[in-house]
Amino acid sequence: MSRRCALLVWALLALLGLGAAQKDCGPIVSRQEWKALASRCSQRLRQPVRYVVVSHTAGNVCGTPASCQQQARNVQYYHAQQLGWCDVGYNFLIGEDGLVYEGRGWNTVGAHSGATWNPISIGISFMGNYMDRVPPARALSAAQSLLACGAAQGYLTPNYEVKGHRDVQQTLSPGNQLYKIIQQWPHYRSHTPAPPPRRIQQWVGLEEQ
């Protein structure tokens, strides 16, 4: 189903009151739609997942579906082709166009927060650098709707915990401004950072897979 059709169906169900069980779920741009390379990942997440780690890519910002699809491809190319990982590292990416882009999805272990956290968390990353600026409201709403959807559909525990990337690794991610915002989300819980890596990174560590 195309993104336009998904939007129309979602809106119609909401209007008719038939989509109550998924009222917090918005359309997700599939890997096929953003022309992702085939994944070589095989490690499955044990569900429901309790933790969500929010990061930023620290790369270019995108504000339209076309530019965000290209940026998703750029991130995947960096992770899969340059770093040699099995796929893009994140489970989902958020664009400033207000859409969610499928990465490894709900069912596959990501590569976003180190060996301790990857197998027990969903990693979502905002495409852009949020040290000195905040994402637009539509991007924040897309992320929160994704998490509500995950809990409603059983991918996340009802009491899931949101953490900033810097809560679990020594990194600047998710950027100072985005970090301040997610600290106000109802499911946010802080955590003592893991032992510092060899260097502070904006991108996830080279040890990821």
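Placed from the backbone N, Cα and C atoms, the Cβ positions cover glycine too.
If you look up TrEMBL, you'll see 1-21 marked as signal peptide.
According to TrEMBL, the feature disulfide bond maps to C25-C149 (among others). Within 10 Å of the C-beta of C149 (disulfide bond) there are 19 other C-beta atoms, taking all protein chains into account.
Among the features that TrEMBL reports, domain 'Peptidoglycan recognition protein family' is placed at 26-169.
According to DSSP, the secondary structure content of the domain 'N-acetylmuramoyl-L-alanine amidase' (38-175) in residues is 41 helix, 32 strand, 65 coil. TrEMBL lists 38-175 with the feature domain 'N-acetylmuramoyl-L-alanine amidase'.
The disulfide bond feature in TrEMBL is assigned to C62-C68 (among others). Applying an 8 A CB threshold to same-chain residues 6+ apart, the list for C68 (disulfide bond) reads V29, W34, C62, G95, E96, D97, L99, Y101, M127.
The annotation region 'Disordered' is assigned in TrEMBL to 188-209.
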C62 (disulfide bond): tally of other CB atoms within 10 A of its CB: 23
